[in-house]
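Engineer: As annotated in TrEMBL:
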type	residues	note
DOMAIN	A:7-131	domain 'Na+/H+ antiporter MnhB subunit-related protein'
TRANSMEM	A:7-28	transmembrane segment
TRANSMEM	A:34-54	transmembrane segment
TRANSMEM	A:66-91	transmembrane segment
TRANSMEM	A:111-136	transmembrane segment
Amino acid sequence: MKINDVILRTVVQVVVFIILTIAIYLFFAGHYTPGGGFVAGLVLASAAVLLYLTYDAEKIKKGLPLDFKVVAAIGVTLALTTGVAPVFFGQPFLNMSSISVPFPLIGEKELATVMIFELGVALTVVGVVMTIILSISEGGED
Amino acid sequence: METLMVLLIGIFVSVATYLLLSKNIIRIIIGTALLSHAVHLLILTIGEVKKGDVPLLKEKPGPYTDALPQALILTAIVISFAVTAFVLVLAYRAYAKNGTDDVEEMRGDELE
Amino acid sequence: MITKLMIIIPLIAAIIVPLLHKRFKTIHIGWFVLIIPTILFVMLLRFIPLISSGRTFTHTWDWIPSYNISFTTYLDGLSLLFALLITGIGSLVVLYSIFYLSKKESLHKFYCYLLLFMTAMLGVVFSDHLLVLYFFWEFTSVSSFLLIAFWHHRKASRRGAQKSMLITVSGGVAMLIGFLMVAEMTDSFSIREIISIMPTELDHRLFMPAMIFILLGAFTKSAQFPFHIWLPDAMEAPTPVSAYLHSATMVKAGIYLVARFTPIFAMNMNWFWIVSIVGLITLFWGSFNAGKQKDLKALLAFSTVSQLGLIMSLLGIGSIVYVLGYSAETAIYTQAGFAAIFHLMNHATFKGALFMTVGIIDHEVGSRDIRRLGGLMRVMPITFTIASIGSMSMAGLPFFNGFLSKEMFFEATLAIRHLDLHYAASLFVVVAWVASVLTFVYCAIFVAQTFFGTRDLLPKDRVIHEAPKGMLIAPSILAILVVLIFIFPNFFGKYILGSTMLSIYPNMGSIQEMTPTISAWHGFNTALIMTIGVIILGSILYATRKKWSGIYGVLPEKMTFNYLYDLIVEEIQIVGKFVTDLYMTGSLRHYLIYIYLFIFLVVGGYFVKSNSFAIDFSQNAPVEWYEIILMIVMALAAVFIIFAKLRLTAVVLNGVIGLGVAIFFVLFRAPDLALTQLVVESVTTVLFLLCFSYLPEWKVEKSAKITKLINAVIAIGAGVLVVVISFTVLEYSEFKTISGFFENAYELVGGANIVNAILGDFRAFDTMLEVVVLLTAGLGVYILIKSKSKKERNNHENK
């Protein structure tokens, strides 16, 4: 698939960064406003999809030299670990806890194990969506 | 509102079922996708609609709309996405292997 | 506690043995296995003095307390006797198998199965809880199945294994039903408790069904007529297995069960009739058929059937005490029970020895065919000695233990005459005597045809010689026991058998009262005359057997139970395939139609039947005009998908609907959903388009009008059903909403976005599993694409 479209490429380069920023915003916003691990992961993945549509699978592989299966696996492991970990501290399975930590610039923020759980979810979503899309795009080649 | 929504969902279910019963594998997959749309809307409609505010505690004073169906649907959306992706690839592989996209022709060795 | 340990030790060993097999290539792993039953045997020996003084041991361990299933082991005389047999014969069989099976066989499997069987069998005899007993009972069937099919490359082995499995497991299921009925009657699963409760439940309507179902289990396991047909086919197993499972232990599980349940059911006279009559028929039929066999092992199999029948009938006769009540006059019938146990032990010794000699002959000569064998006495003197001791004991000749129990059997049948049973009583005596004559005949055939005569018909290619010494140890020990028991019967009677009487006849007499003194010479009485008659007529029959063997052909092939079994198995397969083919058409559409019809019938049917339709517009939320437009657009989009000429159109229409759904999510105050839906919809569309590049354009559906009509009807039906039920559900308000709880999200989990709090905390388990589903789907996609079948890869290379 060879598309020589300078405008698309330029726009995409900019847009992808905006999307990535949104994704990160959404990830942290989930606690109080709409957002969260799922959406963040999906948005991240959609950025990658956009890149894929503009360039091709090879380019993305070079630019993002990650095995997305492993990313997904790490995500699931994170989610499972946050689930199982409380058991070892005498708490119920999947019990979430949080502490308030004063950050230098942004003030007092809550650091919760939910965040790790959500991170796991987000990583899984990214990993799985990318695995699926890259697999399909490679499918016809060999 | 709910009455109209339910009717709309009924149309979706009918169309989805019709698609599911057809022979072409892509039609079947679109049928499943449509069916999941119908179910998502249904869950939300069965919970009360337009009876409260967005379920964000810091933004609105309340009362809030029911958040539980929303959480369930969120899970369902992602799962149905995964299923759709899987079935699509299954269709693609089935075509590559059997050379047909007609499920009536993929009946297994014994019955052919 | 120690009994539980005994069940567990073989189980652990069964797991370790395959590992040892890998580690030690040069040593026959049978030597390691031998340790297990030997240790257990010695452990059990230590219990003999305690048990024979009338003590019993129980140990309880709560297994599934919520269902009131406790793993209670119970050690009394009966279970001790069986456990001694299991471990004692087990040790000898393992010792024998070390020489019988070469190291090239898959020994790890063999010993693993054998040890599993040991666990199961010990479990059967030690369990007090009915369901645990049942569990181990079926476990013996399974391990027996595995052992019969040990040489699974042979069709006959597989067939024999299947046959034994089908028959014994069917019986086992019947037994389970019986157990459940007993539990229903007595409200207890503990055998000891049931024994004390049952006398008050004699008139319960489940009493007879329970008795019959439990007896079915016992009869199938112990190969009683007409379920005996599996035992001859089970002889395809390696000979050590035949000696162990199919003569000494597993087939006696049925005997154990009958003995164990005698105190529970024998108050009813039917128990006496069923058990003794079935036993007598089996005794006769087995001994009759043994004479016509051409294979030594088949001969022994039928002789086992017949001997099991003998033991069974003795137990039946002994159970009459429960009807008559225990007194000095009726004590003679308890002696029948004693004889049953006595013969059980004797049978294990002589039949074990006989099987082992057959194994030796098979091993050294390479044939078990009675027509070809002959003249082995000179080349295999030790084997000959053991075989003759075993055979003479089996025939009930003096100087061997079989004589003692056979005499007691005659006396028991003679004692029946004192009951007021008219001609039936004489029938007992006649059948017993005729069967004994036939037993004498087949024993004569066994010894004479194998060891006398000429060796002309044997394969010439090998030099036949005596078996290796190690192989002879185990049968020799058994043969010595055969003689020892004859010489010191009362020693065994006092220490091992006496206490079993307390298990069969609890609350009757003391051990001393119920243990008769066994003597080889008890005057010139009727039983002795019967024995002499057996020898005379048996010899005549043996000499003239060519003249009368024609009667074996009288019963045509189609009248046998084997034929019936084959017919049933075959028919079940044919009918099963026919019925399955009727609905398993391989058509996706058909399966879907079944599902939809089922939903219509069950859900719709119940809906109509309960007349629960309700509709109420008054609670509806207000509708805006733009919402109506959106709905119309979405509905049209949906309908147009059906008529789309291009698949691209269809996908775009689906996307339109997806976007519409997202807008509704916004309208219904669900921003999280709207966001997710938007992104998911875009990614899904991309996926569809990606896959389209590998799939052909869809064609217009070419189906018959009627097919389309049926599809349309089902589709509309599904839609209507959903609509109707949804209306009703909307109106229904019995259950209060629980969402109020989640509004405390901030206080509970520190999150202000309730949806997110539910996903991440309240219902995090859902989310966790969902992530797992996602990963599975992703990996599934990956594997589907990456794994190509060999055929496809070759195609690629050819291109």
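Cβ coordinates are placed from backbone N, Cα and C, and glycine is handled just like the others.
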Engineer: If you count Cβ pairs under 8 Å, which stretch among A:7-28, A:66-91, A:111-136 touches the transmembrane segment (A:34-54) the most?
Structural biologist: A:111-136
Engineer: What does DSSP give as the helix, strand and coil breakdown of the domain 'Na+/H+ antiporter MnhB subunit-related protein' (A:7-131)?
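Structural biologist: Residue counts for the domain 'Na+/H+ antiporter MnhB subunit-related protein' (A:7-131) by secondary structure: 88 helix, 12 strand, 25 coil.
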Engineer: By Cβ distance under 8 Å, which residues at least 6 away from the ends of the transmembrane segment (A:111-136) in the same chain are close to it?
Structural biologist: 27, 30-31, 36-38, 40-42, 44-45, 48-49, 52, 57, 60-61, 68-83, 85-86, 96-101
Engineer: Over the domain 'Na+/H+ antiporter MnhB subunit-related protein' (A:7-131), what is the model's mean pLDDT?
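Structural biologist: Summarising the domain 'Na+/H+ antiporter MnhB subunit-related protein' (A:7-131) by its mean pLDDT gives 79.
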